[in-house]
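Going by Swiss-Prot, these are the annotated features:
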ACT_SITE  T168  active site, nucleophile
BINDING   R196, V197, G198, D199, T219, G220, H221, G222  substrate binding site
MOD_RES   M1  N-acetylmethionine
Amino acid sequence: MNPIVVVHGGGAGPISKDRKERMHQGIVRAATVGYGILREGGSAVDAVEGAVVALEDDPEFNAGCGSVLNTDGEVEMDASIMDGKDLSVGAVSAVRCIANPIKLARLVMEKTPHCFLTDQGAAQFAAAMGVPEIPGEKLVTEKNKKRLEKEKHEKGAQKTDCEKNLGTVGAVALDFKGNVAYATSTGGIVNKMVGRVGDTPCVGAGGYADNDIGAISTTGHGESILKVNLARLTLFHIEQGKTVEEAADLSLGYMKSRVKGLGGLIVVSKTGDWVAKWTSTSMPWAAAKDGKLHFGIDPDDTAITDLP
């Protein structure tokens with residue numbers, strides 16, 4: 001089986017030219033990291049974790065060190081990861097003071113009998129596992145402080161159909177052994193209520209992975225994604241014989257018509273077919289397969305280049 005990794009940097013509204021370049025660099029870097037892990041014989045789980053860590057470490061994206069702020073001006077992050085081989089899953093929500101929530105989600109998957117830990121319980125588990133704690137203010141950027149003030153003035157968190165509230169990072173992968181996995185991570189919605197949890201850590205909404213079907217990671221307005229169970233809905237269409245592109249169009253179209261939700265997704269099937277689709281204005285994405293790197297941000301700017 002030829003390995004593949006696909007990554008996304010979150011659905012978004014119009015993006016400035018200079019920020020597009022920075023996001024392009026970040027998304028390509030993440031795909032290259034994930035694909036490098038696969039080429040060296042790493043697992044799909046290793047690849048999606050590595051790709052998402054690269055995005056969490058990039059302040060251009062709404063995850064990890066780039067996470068947006070809640071109403072109290074603090075960072076609360078959500079993440080989940082799933083192994084399609086045996087449907088193992090790990091998720092965390094409302095976590096603070098750690099650099100890479102996706103690493104903690106994987107520890108939940110591999111080191112506990114549970115699927116999901118939240119808030120103080122997740123923090124206690126992180127400490128027990130030796131995950132380094134960092135001061136919360138180190139995750140707060142000046143850019144996101146200004147963004148919060150603007151959103152408070154406009155009551156942005158209440159604008160559920162507004163593209164500026166879209167943002168997540170994610171990855172899906174298929175490895176040499178035919179195993180699939182997904183990972184998704186986010187800082188959530190700007191000016192969200194303290195303790196708000198979106199789709200990202202909820203398996204079936206923020207992502208899903210099953211070797212019998214494929215893997216998916218979603219992005220967009222979390223409440224809308226939760227309402228339609230976007231990830232599992234898309235894989236259901238694939239189970240029913242739809243192509244990955246048809247399945248993506250059907251599920252995104254349903255979310256838009258049924259609950260007026262905008263978003264995007266990346267999918268890889270068990271046979272290695274893949275797609276990146278979105279109904280928001282833009283979505284940074286990249287895919288690496290067969291020594292080629294495919295990437296884009298807007299619907300009409302897809303490019304292909306050779307991988308190093």
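Glycine residues also receive a Cβ, built from the backbone N, Cα and C atoms like all the rest.
Because the structure is a prediction, the values reported are computed rather than measured.
Structural mapping of features recorded in Swiss-Prot.
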residue: M1; record: N-acetylmethionine; CB count, 10 Å: 12
residue: T168; record: active site, nucleophile; CB count, 10 Å: 33
residue: R196; record: substrate binding site; CB count, 10 Å: 18
residue: V197; record: substrate binding site; CB count, 10 Å: 19
residue: G198; record: substrate binding site; CB count, 10 Å: 24
residue: D199; record: substrate binding site; CB count, 10 Å: 31
residue: T219; record: substrate binding site; CB count, 10 Å: 34
residue: G220; record: substrate binding site; CB count, 10 Å: 31
residue: H221; record: substrate binding site; CB count, 10 Å: 27
residue: G222; record: substrate binding site; CB count, 10 Å: 31
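Under the DSSP three-state reduction, G222 (substrate binding site) is assigned to helix.
Reported as a whole number, the C-alpha separation between G222 (substrate binding site) and the residue listed as 'N-acetylmethionine' equals 33 Å.
Among the recorded positions M1, R196, V197, G220, the ones whose Cα sits within 10 Å of the Cα of the residue listed as 'active site, nucleophile' are G220.
Per Cα geometry, T219 is the residue among the binding-site residues R196, D199, T219, H221 nearest to M1 (N-acetylmethionine).
Across the annotated binding residues for substrate (R196, V197, G198, D199, T219, G220, H221, G222), the two most widely spaced Cα atoms sit 16 Å apart.
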